[in-house]
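Features reported for this protein in TrEMBL:
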TRANSMEM  B:12-35  transmembrane segment
TRANSMEM  B:47-65  transmembrane segment
TRANSMEM  B:77-103  transmembrane segment
TRANSMEM  B:115-135  transmembrane segment
TRANSMEM  B:155-178  transmembrane segment
TRANSMEM  B:211-233  transmembrane segment
TRANSMEM  B:239-258  transmembrane segment
TRANSMEM  B:288-307  transmembrane segment
């Protein structure tokens, strides 16, 4: 036999075998309709990993509680790691969308990653509930490039609320504030920055800068802050850069207020920056689980082996909405989407959760303030 | 726009020079290897990255520094800094020699073309950074503050900080030692001979493999010193830190004239200053744009970089 023909036959035989395996496994899957999957998508590795690990722990906790009740339909978790990075999200989202076992996604955690994932989830009718993506345009139908409807939903309030709250919280108690605003050029950061700038009075704004997310040396920015004599620095990026920035700020002798949004709100910010993080003021449309339901926090610790992190309540609520749908027999993506759109229930914090037609929660509307005290993120309650 | 530059000129200049010295030391890793092999060592960024982790290991694991530990003083401070510097230099040197052995030596012995060596260097670079990524779970690693960043006084209104002074003084000493070594020592002469004419130096009895290994070793030592200063000043590292720092240092080497150690010096300092001034005047978002436009302009008028041809004899 000709060598070429031999090769072609070999390829054909392998392909047939492979297809056979696929069809068998599909048949098996069809036989076992009693198991469905939900995905969690967020940064599980990379600089922002702590955010994703904290959120996913809450998702796992909700799933464990559900599966422990021996339900008719078991639910498994698929972890989707987008590193919080839009370019990575664009490569992992197609696989998530194509996995027909996944009927809903908790996440993505970050706004930029959400925008990059949306085209695939919209095409696959895959419903999403994000516990932490706060960029305003995600629920604005006029913004064609980043509008997430009808599949996107989120629990926390948006940066339209967080921006002004952050600007207010940063200058609280500061006599004659001089505000310097820094962003990291990401979709989340520039969006939040714009809403912060709307609130900061023109007379108090002394400068702004935009530092790429991979910068290591901030000395030029430090010099500008020094030359403008700023006493309030607001950073709208994420915690791993924020920890570098605050270290260099304090190292250069800056004594004023450092404030950040929910991107900075993370225990790892305090861990990485150490003593320099003391007194930093942070905001977020989230409430710590220990404050919302202390008894549940005890159970969480017992089940997961660690304390809950930031956005635990929102991740837990998002997962429970989906689990309630599964209990009600919504086992396809479309049925789940309709379920979520029509959902109305109570969250851990006692708030009513239901979604408007653009995917925002009707009940959410608070932004909490936090201060780093003795190396820990401490909640100071709602920013009025 | 320029008011910041005028107002903060000396403060910007000092931090620009300190950053520049870190670039100088890393770019020596590129320039030394280029000098003898006429090839870019793309793994130099990872040689740098491994060095940064050596300093972290010494401070965090040997001396148990956390981000909450108070800084050290006196003898203990000198001991920790010295041990970290040595550990970083040795780690980077070992990684550099390893890279030469794995990615360069055998390919060279078989007379493969330069493109294959280039790819094998990129390959080993990826292996090194991915290994560290897995070891650190892709997480950033903070380093405790060993050296309190006290101000030594002000000069023309600029705050003179001890970490910047330490970087500038120590890096200058290391640079001068290297310059003298290459100029005066027997091995230095052999390195320069190979750099000028490989075949002729072989005929003169120069052991080529030894010269090349030594060059990688020295390049590694320099890059490792840069790692130490980097962690001391910026107090953090990450598995992919080599990429941005390596790219900047490579740019510095090309700007100064690659293959020329004094060129690396000029290029590094120029780049550090340029980056800092551009960030201050135009905003940090314009830093990279300014740097690369300048690089292209310099290469248009001086294709071999600032010092490329002028001082051939000091080629390393």
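Cβ atoms here come from the backbone N, Cα and C positions, even for glycine.
Owing to the predicted nature of the structure, the values given are computational and were not obtained by experimental measurement.
Residues 29, 41, 43-44, 46-48, 50-55, 57-59, 62-63, 71, 117, 120-121, 123-124, 128, 146-147, 166, 170, 212-213, 216-221, 223-225, 227-228, 231-232 of the same chain lie 6+ residues outside the transmembrane segment (B:77-103) yet bring a C-beta within less than 8 angstroms of a C-beta in it.
Here the transmembrane segment (B:47-65) lies next to the transmembrane segment (B:211-233) in space: the count of CB pairs under 8 Å, restricted to residues six or more apart, reaches at least 3.
The largest share of C-beta pairs under 8 angstroms with the transmembrane segment (B:211-233) comes from B:12-35, of the ranges B:12-35, B:115-135, B:155-178. Note on the transmembrane segment (B:115-135): residues 39-43, 45-46, 49-50, 53, 95, 99, 102-104, 107-108, 239-240, 242-243 of its chain, located 6 or more positions outside it, place their CB under 8 angstroms from a CB of the stretch.
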